[in-house]
Every structure is written in structure tokens, then in C-alpha cells.
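A.B. asks: My structure is below; once you've seen it, I'll send some questions.
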4 protein chains.
Amino acid sequence: MGSSKQRRGNTRQRIQDVALELFAEQGYEKTSLREIAEQLDVTKAALYYHFKTKEDIVVSLFEDLTKPIDELIEWGREQPSTLDTKQQLIERYSLALAGAAPLFRFMQENQATMRELSIGEMFKDRMTTLLDQLLPPDATMTERVRCFSAIFSMHAGLFVLKDVEGDPEEKRKAILEVATDLITQAHRAD
Amino acid sequence: MGSSKQRRGNTRQRIQDVALELFAEQGYEKTSLREIAEQLDVTKAALYYHFKTKEDIVVSLFEDLTKPIDELIEWGREQPSTLDTKQQLIERYSLALAGAAPLFRFMQENQATMRELSIGEMFKDRMTTLLDQLLPPDATMTERVRCFSAIFSMHAGLFVLKDVEGDPEEKRKAILEVATDLITQAHRAD
Amino acid sequence: MGSSKQRRGNTRQRIQDVALELFAEQGYEKTSLREIAEQLDVTKAALYYHFKTKEDIVVSLFEDLTKPIDELIEWGREQPSTLDTKQQLIERYSLALAGAAPLFRFMQENQATMRELSIGEMFKDRMTTLLDQLLPPDATMTERVRCFSAIFSMHAGLFVLKDVEGDPEEKRKAILEVATDLITQAHRAD
Amino acid sequence: MGSSKQRRGNTRQRIQDVALELFAEQGYEKTSLREIAEQLDVTKAALYYHFKTKEDIVVSLFEDLTKPIDELIEWGREQPSTLDTKQQLIERYSLALAGAAPLFRFMQENQATMRELSIGEMFKDRMTTLLDQLLPPDATMTERVRCFSAIFSMHAGLFVLKDVEGDPEEKRKAILEVATDLITQAHRAD
DNA sequence: TATGAATGAGAGTTCATTCAT
DNA sequence: TATGAATGAACTCTCATTCAT
């Protein structure tokens, strides 16, 4: 089957792939639809057959991401607020991140843009909820900082360490270890 | 002195102020020179009298920031690589950050853009050097993570905590405390 | 019979109905085939099964209208050019108009477009012929004006009076009365 | 002075002239800014230096027109509602129309468009006010029709009679005569 | 009797930038 | 120390239309 056959029926997916790659690499605003279309060897209008707007492409990318996180939060809600639960939460979060690394890179590096995108607020809500599950009740400022630091370091970590030599999985483990330490320190048994 | 007097001779400064504010709020790409000019009640052409390009405005903004950091690094180079030195390093860094918060917010939220701007590489170099001063020789991956986490949390902290109630100085202290903990843990006496 | 039964075999008709409604309401250029298709819950391509082009839809709409008018003109041609004939002509014309009000509204409000559409010239010819039947031989300028004014007022009247309260039939009668007056004044017994 | 000198400082005016001509000839939607720009031998961007949007060009065109009409209405308001006043009103209106014929042609032929343009509502208000000044109190439907017919015939007349041979001023007089007849018939002394 | 997927052309609009004055 | 006028390139988006299935 030739390349034109392969293209049948999965153009939408291909748009998402290329878009994510370019958005992550160059930023959302700097990536034009012309560029995406050219890389796919279709016309700009074809993109509009599959997505209503440029923003719609981003939204569709985040839909795949939102579900695992929502499930994670849901799972957390059903558990007792113990240290063990928290440690499991960020371990699972670490895995979720690893599974959607380019998307997180995009988010991390385009925060100004995210704020204007409809998806931005949505994502911020998730983060706030997750943070709440990691915090003790009536947390002190320092405890707050430790928790947000744990989460944010995980977000940034994957890309910042790109330049550092070493196995990706080893890096992830190292980040997870530090994050676990942070939330452990922030945990207070009542 | 009336507002027209105030304007005498400090237009350059006013451009920088407005530009920084808008860049930080809306992002670099989303902020047009028209917008900046309008808010200053001058024409776009006037901006070009003071700055060669749009990027030039950003570069000029970072110049004020670069010096304190360079001095900090220089100071660090002259000290012995003790835990105390490291603790002082990040304490001073924390103060430098607080003094240039909007600029850091801009940087933090426009990383994709920064990478394309000439200033990006420059700043990354500084960060690498600073990290090196905080790390023990032949640091393990976990130690690396702790250090970058310390620095990164300081960058992000100031803005993330904007929504949290509380005195800014108290927040800064809390962030500094966590960062200090992190580099302390990463320190290894030889 | 359910709505899916109703749809059998009369899609063409439904396209015409929706198209006329939208053309009249928003104008020809502002109404896209996408819009028509969406309102019918079919795809754009389906429209192309029934009509060769967008213009073709308009043409088809006018076909229903052209026949009664052609018959009217034909009838007029067979009558002696008396005042009574003329009065009957515009009375019949008034009824024809009332039976195709939306189409006339469309014509009235999209004259610039009509001129470029093939149907435009055709319709103009009809009007000219009709005018000739109403005019005395070697009509003066004023007589000409009275006659065109009669016809034109009938065209415009139905829609202009939309905002005025009152029974539609009463309005039509009033318009007809004025138009009849006008052509009566323009009539000159030889 | 060469053609490039002539262009200095009157580009705005030239845009208006060309735009009006093209809008009247081809319709608003069918006339693209590219077309206008090309005919003026400037870039599209130049148009945007002088006007904020395409609609803004139309609005600017109507501003010149609105004033005379507003003055006319104002004048009418100060007069007693006699037959003589009404006759003078439409005579003056006839002159105003003649002075802005292309604009009225545009309006007449792009009513569907006008309705969506911000200027549309404004103009409709003027017409309603003018009509009120011509109508007797508690006018019958027929009287209403006569008055609107007078006004509308004046609007349409100038262009409809374009194909008819004869001196334009003679045509105007003929139209005015018919219109005067109409409002005279509609006048009722209390 | 339709649809899914795509195209080519073009629309209106905005941007950073230039330059004579 | 600025402005007025303009440009060229790019942008997002929409449209009428086509064609294999």
C-alpha cells in the first residue's frame, strides 16, 4: 500500500502529531497552519476540514491528556489522605507525564499562550485540585511550596534534563524521588 | 512637574516599562508594537527611534537583569565550594529574583519564545553556570535534580503563589527555605 | 409519516426552501452553501447532487416565478391597450408578487448581485416589457416615472411595510390602490 | 507636479472615491480590498492605515451623506406641518439625492448588506423620521403607502432611468413631480 | 441519493519595519 | 525627538467546487 493509501482516514491523527511536534518545538504562535499543512503535504483548507480553528487543534491534543489526569484525581478522591496515598499519587502522575511528555513540554513553554486558550483555565483547575490532595489540612506556606515545587519540578524536569546525558527512565526516577521527598516532608499526620 | 515634563527624555524608559508589563501579561508574540505605542500615546515609529527591533526591546530589558546575576556568579566563583557558600548563593539569587519579578515571569511563561530570541541562549548559560556552582563534583542524577528543582521552584514560585493569599515577603521566605533545603540535601562534603 | 419519510425524494425542494429563506434574510453572498447544508442536516456535497452551482439554485428559484409573469405578459399582449387592461395587469401582477414575496424581497435587496447573475438580465427584460404595456405610446418622462414608480412601489412595498402593523392583505390592497392611481394618471386615451 | 506628488495627503479621499465606485458597481461583498488597492496602486495594508476595517470605509462614505439629511430633518422639525413644508421637504431631498447619487445607488442595490452594516439601522431611522414628517397624523394605510412610495421612487428613480435617454436634470424634475403629487395626495388638512 | 475528504483561490486583517520629513 | 504614510509578508479563516466511494 502506497503512501497515499496510508493517508486515508488518519489525516486527523497526522495533523495532531505534526501540530504537537511543531507547537512544542517552536511555540504555538510561531507555528503557522501553513507550516503544519506543508509538512503534511496537504492544503491549509484540509486542516479546517478536520478542526474548526487553530485553537481547536490544541484543545483536541489536550483531550487525550485530560482523561488520565481526571482519572488520577478521581482515584485520589476515593483514597484516605494518607502519606502512602500521596506517594502513589505522584508516582502515577509521573507516569502520566512521561506518557505525554511533548504535550507537557508545550504547556510548560507556552504558559503565556495557555492562559489565553480556553484549555488553560481547565488545566489550572486540575492542578489546583491535585495540589489540594497532596496538602495537609491548613497547610503552612512552606508546606504549600514543597508540594507545588514537587509538581512543577516534575513538569519541567523532563525537558530541562534533556541536555543532561543519561537514560530517560533513570532521570524520571530521580525526579520522582525528589518529588516524593518533597511531599513526604510536607505531609503531617494529624 | 506636569505629565508632559515627566515625559521629557525618559521615553526609552517608559517604553521598557510598558513593554515589560505587556509582554509579561500577554506574552511576547501576542503583544504588538502598536499596542505598546498606543498605551504610551506615541506612534510605532517612535519606538523605532529608541530601539532597532522588537527583539531589541526584550534584550534591553534583560540587560538590567543580567548584571546582578553575573556579579552573583562572579562572587560565587571566588568563594570556596562550601555548603555555606551555596546557601548564600541562593539567598542572594532569591533577592535578585524578587527585584526583577515581572521579567522572570515573562521568561518563565515565554520559554518557547525565549529559545528563539538571542537572549535565550545567553540566559541558559548563566543558569548552567549557577547550577554548577551549587552541585557537588560528579553529582548523581538525584543531586542534579534537587539543585535544578531549587532554582526552578524559585523562578516559578513567585507567580504561581500569586493566587495564594499571604504577604509576598513571607512567600519568598518560604520558597527560599525549601530551595535551601534542596541544595543542602544535594551538598556532599568531600 | 415520520420526518425521514418526508425527506424522501423532496430534498431538492427543501434545498430551495431553505436557500430562499437564507438568501432573502442575509443576502446571496453572505449565505454560504455550508449554512444551507447545515440547516438541512445534509453535506455540502449533497447540494451539488441536486444543483450544479450556487447560482443554479437561484436560477431554479426564479423559474417558478418567471412563468406566471410570462403568462401575464402574454395575456397583456393579446388585450387592447386600454386603461382597463392596464388596471387588470397590475392587479394580476400584485397577486403574482404576493405569491412570491420572499423571492421578490431577495431580488429587491440584492440588486447588485442580481446584475451579475445570468437571471438578472432576463428579469430586467420582463420588467421592461411589462412597463411598455403600461405606458402610452410616446410617453412623456413624467408618465414613464409614474409607471415605473407603480411597479417599483409594489416590489418594495411588501417588505417595507413589514414593520407597520396591519393585515398583510390590507397592505397589499393599499399598495395596489396607489399603483392603480399611478398608472391611471399615466394613461392617455389616444 | 508628478502623480506621486498629487497623491500626497489625499490617499484617504482617493480610497473613498474608488471604493464608492466599485461598491456601487459590483456590490459591497463582491468588491475586495485587493481590488480597491490595486486600482489605487497601493497595498492593501495602506487601506488599513486609513480605515480600521472594510466596513469602516462604507461608514465613512455615509458620514458625508448623513449630515445633509440630518439638516433636512432638523429643518423640517422647525416648520409647521403644512403641505407647503412637505413639498419643500421632498424638493430638498431630491437635491440631496442628486448630490449623492452613487451612494444612493449603492444603498439601493445592497440593501441586504446594509441591514448587517452598523450604518443600516441608522439610515433606516432617518427614513422613518422623514416619513413621519410627510405623513398626516393617524395616516391611513393608503396615505402611508403614498408617502413611502414617493421616497422610494426617488431613491430608485435615478438609477432605473439610467437606461432611458434624456437629460438627467429633466429626469430628476419628472421624478420630483410624481413624488410631489404623491405626498400632496397624502396630505390631509386638519 | 448521498458522503468524506480535500483543494485552490481568495478573503479581511495584522505585523514588524522603513523612511522622508 | 518624533510622526505620517506606506510596504511586504504573513496570518487565520472561508468559500464554492470536485470526486472517488
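These residue numbers are counts, starting from 1, taken along the chain as shown.
Heads up, the Cβ atoms here are built off N, Cα and C, so glycines get one too.
TrEMBL: automatically predicted annotations, no manual curation.
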A.B. asks: According to TrEMBL, which stretch among B:32-51, B:92-111 corresponds to the feature DNA-binding region?
C.D. replies: B:32-51
A.B. asks: Counting by DSSP, what is the helix, strand and coil composition of the domain 'HTH tetR-type' (B:9-69)?
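C.D. replies: Residue counts in helix, strand and coil order: 47 helix, 0 strand, 14 coil.
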A.B. asks: Mean pLDDT across the DNA-binding region (B:32-51), rounded to an integer, is what?
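C.D. replies: Here the predicted model's pLDDT, averaged over the DNA-binding region (B:32-51), is 97.
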